[in-house]
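Q: Got a structure for you, written out below as structure tokens; questions coming shortly.
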Amino acid sequence: MGRFAFLLLLAFASFEALCFAADDDTVFYDSFDEPFDGRWIVSDKDDYKGVWKHSKSEGHDDYGLLVSEKARKYAIVKELEEPVSLKDGSTVLQFETRFQNGLECGGAYLKYLRPQEAGWKAKEFDNESPYSIMFGPDKCGATNKVHFILKHKNPKSGEYVEHHLKYPPSVPSDKLTHVYTAILKPDNEVRILIDGEEKKKANFLSADDFEPPLIPAKTIPDPDDKKPEDWDERAKIPDPNAVKPDDWDEDAPMEIEDEEAVKPEGWLDDEPEEIDDPEATKPEDWDDEEDGEWEAPKIDNPKCETAPGCGEWKRPMKMNPAYKGKWSAPLIDNPNYKGIWKPQEIPNPDYFELDKPDFEPIAAVGIEIWTMQDGILFDNILIAKNDKVAESYRETTWKPKFEVEKEKQKAEDESTDSDGLSGVQKKVFDVLYKVADIPFLSEYKLQILDLIEKAEKQPNITIGVTVSILVIILTVLFRLLFGGKKQPKVEKKPEVAETSNNQSTSGEKAEEEEEEEEKEGTAAPPRRRRRDT
């Protein structure tokens with residue numbers, strides 16, 4: 001009995017130690033069980049008029065931070081008690097978000113800000129506030145990704161550069177709660193998890209994983225090197241000795257009348273293809289001065305339905321066997337060909353070597369977005385030093401909600417379509433989004449995502465879209481297997497999340513789309529009254 005009591009006491013002490021370690025590894029956590037007023041600071045900037053609300057997640061008693069209005073900019077920030085260093089050990093960034101009304105155009109990412117010495121104030125939090133890491137989902141138009149962006153200082157130039165994770169995972173396309181996790185490891189590895197499942201693993205110092213690379217190239221093209229005027233890049237040229245054949249007729253038409261064609265028997269030459277609708281009457285409120293002379297709407301001539309045709313018969317056209325088109329000299333190898341010119345390489349003045357990223361500390365967590373959607377709910381924001389802590393929160397805070405929502409969604413799908421078609425289509429879309437994330441299809445990812453989005457809006461074309469994506473996959477596989485070399489990588493400029501000008505995030509795209517809609521709305525001419533039947 002004494003031995004049993006000792007073992008029980010030891011087990012209890014171990015459990016307490018484990019709990020203490022978990023608490024010690026939790027740097028920041030907000031469940032939003034209590035109102036955010038007084039803890040989170042809403043930006044006073046004029047552009048950010050979106051109203052944040054402390055609201056329950058639909059179908060749950062669990063509260064979160066809610067985006068309550070459409071087509072608004074939102075900014076809110078929570079300063080940490082102490083800055084979090086990313087240079088020591090592991091760091092885990094995790095949060096939940098739910099698109100309760102779906103997501104067509106909007107972001108739901110978090111910004112982990114640098115200390116205020118970098119030049120920002122909580123009440124003035126905006127797009128220019130300097131961050132260390134930006135992480136989370138973003139979807140609008142061709143953009144469909146879970147961002148992971150590191151802002152890193154070049155020790156040579158002193159410039160802060162945005163380094164975007166290449167080929168990030170896609171955003172789940174449903175209205176369920178999802179949990180996003182980024183694990184930064186001391187061996188320069190970063191892992192991106194969605195709902196606890198690893199979707200991406202990358203190395204901060206690998207040029208294959210981040211664009212632009214953290215470590216610049218040793219050499220760069222010489223900006224002062226110019227292509228010589230006599231440099232000939234034409235691999236092929238027209239044969240200067242070629243002569244157009246005497247019998248080459250450039251004026252022969254592509255098509256000619258088929259002289260052998262005969263007008264079908266029973267053709268109604270004197271019958272028009274359309275006639276005035278005999279049942280149509282002029283509306284009583286029709287004003288000839290205001291609406292113009294009334295004309296009866298046209299209908300197909302019923303006499304033409306049983307006849308081979310109506311109206312004037314004309315011989316059909318056929319390809320002209322004598323057609324050759326414009327003559328051009330055949331191409332031959334260019335004896336002066338020198339290849340594609342490139343400037344010579346010179347040492348990169350901004351090059352530096354790096355063993356580990358020089359992470360800036362995290363002093364605050366902020367949400368700064370522009371979205372066309374409302375109903376975006378943020379919850380259970382966590383910063384921890386142990387991925388086991390993040391796993392524990394997923395099991396206790398996220399998973400129970402997700403399971404309830406998934407069962408409810410399944411029931412709704414089954415009731416929406418008795419044969420289960422909508423549920424099947426959803427599964428197809430989920431698979432297609434996973435297909436888009438396959439690395440060897442990276443060149444075609446945007447094309448595939450565009451096809452999927454069209455199918456989501458027009459479910460009747462799901463089969464056609466699936467076939468189109470299958471053709472893309474087979475084409476790429478064929479090239480890889482029989483083309484003699486791997487599919488070339490397409491270098492793309494990173495999509496800008498904050499200060500760069502090359503591309504835009506979903507927020508900027510949403511703003512552009514709204515402005516365009518407003519322009520179209522004001523420019524539309526007044527509609528004429530219809531000639532009703």
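Cβ atoms here come from the backbone N, Cα and C positions, even for glycine.
Among the features that TrEMBL reports, signal peptide is placed at 1-21. Sequence annotations record features per position, and here TrEMBL assigns disulfide bond to Cys105-Cys140. As annotated by TrEMBL, region 'Disordered' applies to 204-301, 488-533. Residues or ranges marked as compositional bias 'Basic and acidic residues' by TrEMBL: 221-237. Residues or ranges marked as compositional bias 'Acidic residues' in TrEMBL: 247-260, 267-278, 285-294, 510-519. The transmembrane segment feature in TrEMBL is assigned to 461-482.
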Q: For Cys140 (disulfide bond), just count the other CB atoms lying within 10 A of its CB, please.
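A: That number is 24.
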Q: Within 10 Å of the Cβ of Cys105 (disulfide bond), how many other Cβ atoms can you find? Include all protein chains, please.
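A: Around the Cβ of Cys105 (disulfide bond), 21 other Cβ atoms lie within 10 Å.
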Q: Within the region 'Disordered' (204-301), count helix residues (DSSP H, G, I), strand residues (E, B) and coil residues, in that order.
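A: Within the region 'Disordered' (204-301) the tally stands at 4 helix, 18 strand, 76 coil.
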